[in-house]
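The annotation transmembrane segment is assigned in TrEMBL to 112-135, 286-303, 323-342, 354-375, 381-397, 404-421. Summarising the annotation, TrEMBL assigns domain 'DUF1736' to 262-334. Among the features that TrEMBL reports, repeat 'TPR' is placed at 447-480, 481-514, 515-548, 549-582, 617-650, 651-684.
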Amino acid sequence: MALAEVYWDHQIPLPKLAAVQAKVTVALVALLCFINSYDGEFVFDDSEAIVNNKDLKPTTPLNNIWSNDFWGSNLSSNSSHKSYRPLTVLTFRLNYLLAGGLHPVGFHVLNIILHAVISALMIDVFAILIGGLAYDEKGRILNHAPKTSLLAALFFAAHPVHTESVAGIVGRADLLCALFFQLSFLTYCKAFNRGTDGNDRFSVHWVMVSLLLCAAAMLCKEQGITVLVSELLRRGLLTRLTLMGLGGLSMLYARWRIMGTGPPAFTEVDNPASFAENIFLRIVNYNYYYCLNAWLLLCPWWLCFDWSMGCVPLIKSATDWRMVWLLLIWCVLIGLISQALCSQDSQRRRTLTLGLVLLVVPFLPASNIFFRVGFVIAERVLYLSSAGYCLLLAYSLGHCCCRWKLLCVLVLALLCVYVARCALRSYQWRSERSLFTSALSVCPLNAKVHYNVGKNLADRGNSTAAIQYYREAVRLHPTYVHAMNNLGNILKERNELVEAEQLLSKAVAIQPDFAAAWMNLGIVQNSLQKFEEAEQSYWNAIRFRKKYPDCYYNLGRLYADQNRHVDALNAWRNATMLKPEHSLAWNNMVILLDNTGNLGQAELIGREALKLLPNDHTIMFSLANVLGKLQKYKESEAFFLHALRINPNAASCHGNLAVLYHRWGKLELAEKHYELSLKLDPEAPGTRDNYNMLRRKLDQLKRSTP
């Protein structure tokens with residue numbers, strides 16, 4: 001039966017708005033909070049899930065999204081995270097098609113709109129959870145708690161913990177999951193409607209639609225299936241349990257089969273508590289994580305894009321002072337549960353029970369109870385759970401004993417703080433530089449934060465500052481192989497080869513299958529003229545990564561340095577077979593064949609390369625040199641001129657074209673291009689001497705002319 005008018009609703013310090021007005025108000029607040037993220041960049045996980053995800057591109061078969069995970073890897077792969085979210089990837093692909101490429105504005109705008117829609121729909125969800133199902137004479141659902149549901153929806157729209165889900169494009173999975181979660185719940189409620197005779201009736205048809213929407217939520221993100229628990233709290237027990245149970249078991253079985261019947265493989269770095277040998281300490285740390293998640297809901301000021309790698313030190317003893325927080329959260333939770341179960345007030349029991357269900361149930365997949373998860377804390381997983389918290393907060397304010405005016409001020413102040421925090425945090429999510437830097441004050445012990453700040457600085461060319469952050473990352477986490485690899489690369493470029501070799505050797509000793517570190521170690525060893533060690537390092541890299549064109553390219557350079565020309569050509573040929581657009585490998589083959597006098601083969605390789613890379617000016621330049629030596633002057637000239645149209649400021653190209661004209665007898669054109677080359681690069685080797693030779697020849701011609 002439906003409940004009567006909720007008695008505390010009139011105490012909420014908000015005006016009573018019509019349904020449409022309330023939804024528009026909530027949507028506008030949601031837009032206000034996150035609108036400044038609309039023109040942000042692709043940041044953090046967006047690189048892997050969107051920028052580097054081939055499933056978004058029109059050239060990739062659409063069927064791939066049904067067999068690959070969220071990051072574009074095949075689900076059967078051992079490295080797959082088993083996150084099966086094809087509907088979310090499909091929306092990314094639609095964004096790509098509509099924008100004609102990877103333009104982040106469209107991705108961000110859709111995220112903001114989705115959050116606004118979800119926030120508005122929360123009014124209907126909260127109204128049913130608080131006031132129950134009631135119908136007017138036209139069969140429409142009545143809202144018995146218009147002020148409470150509006151306040152809870154406003155809190156939801158403006159809660160800062162949602163920033164990662166809204167401002168981070170990868171958060172689309174949480175948004176779509178929440179949307180289908182709501183639609184499934186509301187559709188299920190529609191199954192309980194009032195007939196023309198005034199009696200409530202149960203519709204199997206709408207329940208089936210609800211199950212389909214639940215499946216859609218699950219195909220957006222795994223926690224979508226938790227909507228079934230919320231729906232089981234409605235009426236029609238036997239039929240409902242049968243349909244919901246069969247539907248839920250079918251979805252779980254299908255998900256299990258798709259995942260490859262095995263869980264994803266995570267490391268201790270991803271979730272250190274789950275690797276604790278002592279079961280007691282494992283449980284204690286899990287509970288401490290719950291405390292931190294609760295704190296993010298209560299006080300969403302300390303927000304961080306990543307909470308791993310030392311950000312949350314493990315509790316290793318029962319005497320740790322943080323044990324107090326565990327006791328506190330369980331005291332509060334037990335108190336709320338006792339009120340929900342034992343209160344004489346039926347409206348209080350209902351609101352507290354459903355609020356707790358909405359708070360706890362969507363969080364269960366991230367709780368480490370059923371399976372190990374790949375993170376310590378992730379703000380995005382609180383998107384749905386925060387709805388339960390907002391409902392409980394609005395309920396608490398409705399029972400506040402303060403005077404009405406003071407309560408009004410407090411509510412308004414809290415909403416203003418939320419909006420301001422959202423605006424600040426969404427601004428920080430606009431670029432990787434501001435996002436990573438913002439985490440330094442929140443998690444100074446997090447090695448990954450320092451690593452990401454260093455990587456961002458290195459990408460922007462500030463290698464000196466990047467070194468400091470990479471060193472700090474390694475200091476905080478001495479086995480952080482990716483930080484060692486990147487630091488070793490920078491030191492290699494700065495010619496600090498001995499330390500670079502030490503770092504890279506340590507990285508591969510810690511993680512022997514780290515192919516990139518093996519390749520970089522080979523480059524350093526080659527520079528140190530440790531040729532045998534370098535060759536072995538390159539082959540180790542190829543052993544751990546079969547398709548590694550860059551490694552074959554560097555192996556070819558090693559062989560060329562040792563005058564092992566056939567081996568060098570074979571290595572570069574392997575690089576081009578694995579990566580046909582590998583310009584450097586093609587160019588080196590042409591140059592090596594040219595230098596060793598194999599001009600005919602060099603010409604064939606150069607022409608083959610230009611079929612694949614028709615606008616590569618470096619290959620045109622090398623092929624033009626070969627054709628010039630073969631006295632195919634006209635063709636050589638054409639390639640030189642084409643290369644100069646692409647790169648008009650290439651001093652070497654002007655210089656070599658001048659040499660061609662010099663040989664060809666077109667002395668005035670030779671003089672022109674010698675002068676252009678010297679103007680661009682006065683120190684160009686050989687060009688000054690060739691120019692002086694030409695000037696002497698021109699002077700002789702003038703003197704000999706009568």
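Just so you know, glycine gets a Cβ as well, placed from its N, Cα and C.
Outside the repeat 'TPR' (651-684) by six or more residues, the chain places 617, 621, 624-625, 628, 633, 636-637, 640-641, 643-644, 690-691, 694-695, 697-698, 701 with a CB less than 8 A from a CB of the stretch.
For the repeat 'TPR' (481-514), same-chain residues at least 6 beyond its ends with a Cβ under 8 Å from one of its own Cβ atoms are 447, 450-451, 454-455, 458, 463, 466-467, 470-471, 473-474, 520-521, 523-525, 527-528, 537, 540, 544.
Across the repeat 'TPR' (549-582), the DSSP tally of helix, strand and coil residues reads 27 helix, 0 strand, 7 coil. Distant neighbours of the transmembrane segment (354-375): 81, 129-130, 181, 222-223, 226, 229-230, 233, 263-264, 266, 270-271, 273-274, 286, 289-290, 293, 307-308, 336-337, 340, 381-382, 384-385, 387-389, 391-392, 395; these residues of the same chain sit at least 6 beyond its ends, with a Cβ under 8 Å from one of its Cβ atoms.
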